């Protein structure tokens, strides 16, 4: 939310904003350089309230918790090395840090995402929906989902066969029984989300297997930015360079690097070059050009991977400043990056997710 608020007023904002929470406390800290006038405490309270943390008994009281804000400007050393204090042309802007980013795509779902991750993410979204619309009034904001899918490996491509296990652990109020929880989750969450063709008599459902989950949210567990980076990406498929996305403006290399390689991997699969692909990007701080770009199609490529890599390099501009322009990443004002903070950054049908737009890749079909 802080990223959106800054970009709405100043598209050149540089935001590296971290958040941590524990009982009755939210702390926001980091480095932000912006011309925007932002009330960070108001943002924190509104965000917590919108999530559903409206009283101490659900884990946090948005209106009465302590909010600590410690924001400084971006280091001038970083600023001069990366964007020259805003004097460099877009094609000259260097990476803001070292690191490697991965993009992944697979033809097992229409979203070109892993089915196990798509289902787990949709279950989480459905939990929020039935809590907020009152279908399951006993639900509270905290919860986790996990889906285990049985696959067939078709010469490197992953073909889903069935759902082996569905796991949902969700916070609840004191009044509901475990049997009621299980029945409601099956009827109102699992059935609307998981296609019947993937469920059978052997599918296992672990629904609140610990037996009790009343204490949750920041009261139950401390929270910190960047602790759930696999949920943000591909659910354990592909690979991850370790850098979190949330709280960072889109010029940060972890974020825009991951976005451009997702577009590249998705375009490889959507163009029929392969059924499954991973693209890796390697960066050095202050350097515009990537140190390396790597493509692996897991043996599913219609042409050799080295030829696919050549097509990718000819099609995509991996320089940081050009990524921001080509993906229109600096546009703010509509809660665009807030939407990425829950239910994943990839595989979403939303015009704001510009990195999900497929770029046609031209190649000679045999």
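Cβ coordinates are placed from backbone N, Cα and C, and glycine is handled just like the others.
In the record from Swiss-Prot, residues 74, 221, 252 bind L-methionine; the candidate from 31, 129, 174, 307 listed for the same site is 31. The Cβ of residue 252 (L-methionine binding site) has 16, 96, 97 as same-chain neighbours under 8 Å, each 6 or more residues away in sequence. Cα to Cα, residue 31 (L-methionine binding site) and residue 227 (ATP binding site) are separated by 19 Å. Its Cβ taken as reference, residue 211 (ATP binding site) is surrounded by 7 other Cβ atoms within 10 Å in the chains shown. Figure note: comparing Cβ neighbours within 10 Å for the binding-site residues 18, 31, 142, 221, the maximum is reached by 142. Counting every protein chain shown, 12 other Cβ atoms lie within 10 Å of the Cβ of residue 227 (ATP binding site). Cβ neighbour counts within 10 Å, taken over all protein chains shown, single out 74 as the most crowded of the binding-site residues 74, 144. Annotated pair residue 74 (L-methionine binding site) and residue 142 (ATP binding site), C-alpha to C-alpha distance, rounded: 33 Å.
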